[in-house]
Amino acid sequence: MNALPDGEEEYTFCHRITICPEWLRNRSVSEPIIKYLGQRFTWADLFEFATNVGLVVMGWTVLYFLLGDTMLPTNDGFGLYVLALFSHCLGTTLSMIPYVNIPPVFGMLIAGLIVRNSGLYNIQEDLGVATTSKIRTFCLTFIMIRAGLQLSTTSLKTHRYFILALALVPCTVEMLVVSLCCKYILNYNWDLSFMTGAILGCMSPVVTVNCVLALAERGYGEDRGLASILCTAACIDDVHIVSVFVICYSIAFANGESTLPHWSYVLIGLRDSILGIVTGTVLGICFIFFPHRSYVS
């Protein structure tokens, strides 16, 4: 076999490993494994598949040694691990559909709906309400941090009314429409109807933020600061709808045991929102100066 030109060793099996036979070292990974299939399945595809399988196995092994028997099949940890893998695979598969540009997080949400409604795995029964609540809080926090890193005080000053309208109007209308549908189609009471509307309203920024950030990474809207405006609106949207959810949840599950009037839950929601805004503002100001951009590690 002839020697490869300079710069092509990255596309061979093991060009730099001198102990390997020359026919193996200089073989291109872009060659098909079975010639009858053409370029549909090459050695590079096989290596990528083997790498992913190895990562899955090593990840499970590490979790087994750390967590113990819960990672064995039919146990709680193993079910959660399989759910995470299925969500990632479905999200990646849907995102590869041409011309549609489906965000991976949408496929992950679909995977959760499939697993939950098929009865294959019930995360709330297996892990408990407290654990699932912490997982949801972590996911929401991670998404809001991604959106918060795109915030700009310039866009807030320039488009303050537009951002407020973009943040409050769509999610409020969505919540009201879902609430009315739950009331008159599913025959929910008003408390559960509004709580359901708030739950579905909380999910909208999950898809929106990831789509906006994906477009921003490709350079769309950079000259107009579109990503910053939309992420700012998404943050305010989520803070608003989460506050509404807390109020609806408190009213729906009070069950007449609480002596507090309904309007007091509104004040509690406003209090939590103000505390969140103040805390975020203080931390944002602190991180401007500490560490300072002149700091060299």
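The backbone N, Cα and C atoms fix where each Cβ goes, and this holds for glycine too.
Automatic prediction, not curation, is the source of TrEMBL annotations.
Per TrEMBL, the features are as follows:
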DOMAIN    97-290  domain 'Cation/H+ exchanger transmembrane'
TRANSMEM  46-66  transmembrane segment
TRANSMEM  78-100  transmembrane segment
TRANSMEM  127-149  transmembrane segment
TRANSMEM  161-186  transmembrane segment
TRANSMEM  192-215  transmembrane segment
TRANSMEM  227-253  transmembrane segment
TRANSMEM  273-290  transmembrane segment
Stretch contact, the transmembrane segment (227-253) with the transmembrane segment (78-100), Cβ-Cβ under 8 Å, 3+ pairs: no
Residues from the same chain, set at least six apart from the ends of the transmembrane segment (78-100), whose C-beta lies under 8 A from its own: 56, 59-60, 63, 70-72, 106-108, 110-112, 115, 121, 123, 126-127
